[in-house]
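Features as listed in Swiss-Prot:
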type	residues	note
DOMAIN	49-233	domain 'BPL/LPL catalytic'
BINDING	R87, G88, G89, Q90, V91, T92, Y93, H94, A162, I163, G164, G175, I176, A177	substrate binding site
SITE	K159	site 'Lowers pKa of active site Cys'
ACT_SITE	C193	active site, acyl-thioester intermediate
Amino acid sequence: MVNGRETLDLTPFAGPPGNVAAWRISDALVDYAEATAFMEARAAAIAAHQAEELVWLLEHPPVYTSGTSGKPEDLRDPRFPFIATGRGGQVTYHGPGQRVAYVMLDLKRRRPDVRAYVAALEETIIRTLDAFNVRGERREDRVGVWVKRPDKGEGHEDKIAAIGVRLKRWVTFHGIAINVEPDLSHFQAIVPCGVTDPRYGVTSLVDLGLPVTMADVDVALRQAFESVFGATRAILPETA
């Protein structure tokens, strides 16, 4: 069966001519609550036409977060802080070695279609992984991007990237998280995104045997993002 999200036309997400989002990378770990407060304020400013769109790349200190569909029982071992958020999705983990990209775009200027926007984020991840010869795939019944793991047995798949979004006045925030080289044992304390089937686990690029760095992923991610959403403009963290 063909996944319906794969057939969506992504071209309109580039927006009108001259629409360029800022591209910011933070090198130091960013506290999750501080990042959320920044996104809330930035999204409001974008909606009011007082700030430009922004893609913010960062890493968090270890933290578990729950989206609007999260269940308390999905947190098995609260070894790190647990924060309830307003994003979509369930319980997940963020930590060092995971590239988080918070995407703050005005969909009124691009395409006011949430379903297509999520598919566009999935496509961005898939194209990023393709740069490292990793085949990422969508699944209709499971959010995020997955890779097949025949080395673990028939039907086994691992999640390599998560997606969780929120919109206010058609401005997006939150975004995606790609596992580059996080401590995968930290996922054992939760039911990642509510998936309990033992055939489905979590992996990372390094876990797949790829000697990639965060900088390598950042280059591929920006190229992939621009191929889906249009041009970006690199800025220094303090100018965002």
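Using N, Cα and C of the backbone, Cβ positions are placed for all residues, glycine too.
Looking at the domain 'BPL/LPL catalytic' (49-233) alone, the prediction's average pLDDT is 91.
Neighbour density around each Cβ, counted as other Cβ atoms within 10 Å, peaks among the binding-site residues G89, G164 at G164. For I176 (substrate binding site), the same-chain residues 6+ apart in sequence whose C-beta sits under 8 angstroms from its C-beta are V100, A101, V103, L121, T124, I125, A161, A162, I163. Classification of R87 (substrate binding site) by DSSP places it in coil, neither helical nor stranded. The two recorded residues G89 (substrate binding site) and K159 (site 'Lowers pKa of active site Cys') have their Cα atoms spaced 14 Å from each other.
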